[in-house]
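Record features, source Swiss-Prot:
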type: BINDING; residues: Arg48, Arg54; note: NADP(+) binding site
type: BINDING; residues: Arg125, Ser126, Ser127, Asn238, Ala239, Gly278, Lys293, Pro294, Thr295, Ser296, Ser297, Arg319; note: FMN binding site
Amino acid sequence: MAGNSIGQFFRVTTFGESHGIALGCIVDGVPPGIPLTEADLQHDLDRRRPGTSRYTTQRREPDQVKILSGVFEGVTTGTSIGLLIENTDQRSQDYGAIKDVFRPGHADYTYEQKYGQRDYRGGGRSSARETAMRVAAGAIAKKYLQQQHGVKVRGYLSQIGDVTCELKDWEQVEQNPFFCPDIDKLDALDELMRALKKEGDSIGAKVSVVAESVPVGLGEPVFDRLDADLAHALMSINAVKGVEIGDGFAVVTKRGSENRDEITPEGFQSNHAGGILGGISSGQNIVAHLALKPTSSIMVPGKTINRQGEATEMVTRGRHDPCVGIRAVPIAEAMMAIVLMDHLLRQRAQCGDVNSQVPRW
């Protein structure tokens, strides 16, 4: 099965299934001498971890990460870092009744068609459980970015259904289970989640992620543009159906005179481009938005077929998120951090000696 790795200089390869023995990943390209402990990774894993609030799946996984290699006496050695998380709260019996039925809106049908078989227990490899390892690897990238370059990557929930959340206060993001920066919207979000739980339905969401203090010059035209690699990485997250960089699709209705980011001796006057021009970072904040579909694992009956092609009805039982976008915030941060670290290492290798005299802000 191909497609399990991302990155060139900083490369992450994940393995494992939702109901398998464990999840793991190999992280290549981490420079030596970076202080790193399991606690450095655990913080973000705890933010993504299931069963932490009544608004997410009640599958309870401790997600305790183990560093197997690549770290000695508390610092990275420059060799491959092996990471492992054991699965401890699988309930495979919840899926026995649907092993021969394709859940509508899931990867069951396409996996069966592609491989001729599938792990029906919780979606197997297609499950968002896999993203735990992305978050662990992303935590390494986030620490490197912050420590070596002063780059901070953080995200927030910007919309669930019709409830929009403005970026009013970064501090609020970690103070509520929605990762919402707008305290005035918490009651509306709570009411929406309660209604969905009662109805047995789900809802979509929008997540925003921002990288601050990104150096100028990251990105490799033309096919490895920074925004192209970010879109690739963010679109690879389960349930993501759309990615915007900067103003994204809003540029369709704008004139060039208002959309361009004008430059003065003091710097850029706006950031409609989301910190990327011509596929290369401009030194401004890099801004991306993700649209996540509502999960199809719901109690509302839906039409489908079985492996014999016979019509049947599906009601998904088990433990699922009414809104997968909530736990996607640390995943989006991780994927942006992985891409930025990869491009920083690539920039250092190719253009580390370049010394442009053009002003930077």
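Placement of Cβ uses the backbone N, Cα and C atoms for every residue, glycine included.
Of the binding-site residues Arg48, Arg125, Lys293, Arg48 has the largest number of other Cβ atoms within 10 Å of its own Cβ.
Ser127 (FMN binding site) counts 20 other C-beta atoms within 10 Å of its own C-beta, drawing on all protein chains shown.
When other Cβ atoms within 10 Å of the Cβ of Ala239 (FMN binding site) are tallied across all protein chains shown, the result is 20. Between the CA atoms of Lys293 (FMN binding site) and Arg48 (NADP(+) binding site) there is a gap of 18 Å, rounded to the nearest whole number. Over all protein chains present, the Cβ of Thr295 (FMN binding site) has 23 other Cβ atoms lying within 10 Å.
Thr295 (FMN binding site) and Arg48 (NADP(+) binding site) have their C-alpha atoms 17 Å apart, to the nearest angstrom.
Other Cβ atoms within 10 Å of the Cβ of Ser297 (FMN binding site), summed over all protein chains shown, number 21. Rounded to a whole number, the distance between the Cα atoms of Arg48 (NADP(+) binding site) and Ser127 (FMN binding site) is 14 Å.
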